[in-house]
Amino acid sequence: MSWLEKILEKSNIVSSRKASIPEGVWTKCTSCEQVLYHAELERNLEVCPKCNHHMRMKARRRLETFLDEGNRVELGGELEPQDKLKFKDSKRYKERIAAAQKSSGEKDALVAMKGELLGMPIVACAFEFSFMGGSMGSVVGARFVRAVEAAMENNCALVCFSASGGARMQEALMSLMQMAKTSAALERLSAKGLPFISVMTDPTMGGVSASLAMLGDINIGEPKALIGFAGRRVIEQTVREDLPEGFQRSEFLLEHGAIDMIVDRREMRQRVGGLIAKLTNHKSPLVVSVNDSPNEAAYSVPEANEKG
């Protein structure tokens, strides 16, 4: 064997030990496809640091990072969906509920909490899109109404983060009824002179967009969020026309007056807090003017629990 063959033979030795990387350490941006360190992405509130894409966020984590730490109380957490119609399509509704609860870690598609935002009392709720597409059923309607009632009892503002495909097909008329139920509850809130701020995230569609999501005193969209009633393809097939670029995105809706503003998720606490302070004439030392330089306390993000 020549000296060259000996060197090549040694270089082909492969270690039997494989480097193991724990699952979930790295993730990929769904927009620019950059590989991201998951802990960094979480610290950035699920916003890609490379392209600024706002990824979908878990409802519980959204509320825990939006509200101040401490004094957060969940509303309607004991409510669970019931299969009153014994509905079955390709699967039984009961089976779909069980699967959604296991995968999402939530009992239904809306989480509601009362707490404080920058020192001001507030009630907030958020849709869990991973639970059957954030669809609105009886429990979602009931929890939202409880949130409205809590806001009236505490004489404070209500904020809702929407992320939904619409009404829940498996609950039929009982699901559609929630559109009227939630709208009527918001009318009572308005009659008491309390503000409702609706934040529409990606996606907000169907019966949710046609009811509570568009009834805010101020309607906010996250950047590039899909917001509408029917899908683009359905509309194009109906009107037999090509729709413009960016149709149903929050930037398009802002340009055409359908929403009031677009707010980056990382600035949501301060911007919404500033709006609530003005609407309720509440003077909080943590609220600064939008035109002022942000202070560190106002923009700090509260810690979320492990479940979020």
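For all residues, glycine too, the Cβ spot is worked out from N, Cα and C.
The model shown is predicted, which means the values in this text are computed figures rather than measured ones.
Looking at 29-51, 121-143, 213-235, the range tied to zinc finger in Swiss-Prot is 29-51. Each residue in the zinc finger (29-51) has a pLDDT score, and their mean in this model is 93. For the Zn(2+) site, the Cβ centre of C29, C32, C48, C51 serves as reference, and the other residues of the chain with Cβ at most 8 Å from it are T30, S31, E33, Q34, L36, P49, K50, N52, H53. For C32 (Zn(2+) binding site), applying a Cβ distance below 8 Å and a minimum sequence separation of six or more within one chain yields C48, K50, C51, H53. For C48 (Zn(2+) binding site), the count of additional Cβ atoms within 10 Å of its Cβ stands at 20 [all protein chains shown]. Annotation for the binding-site residues C29, C51: lowest Cβ count within 10 Å of the residue's own Cβ, C51.
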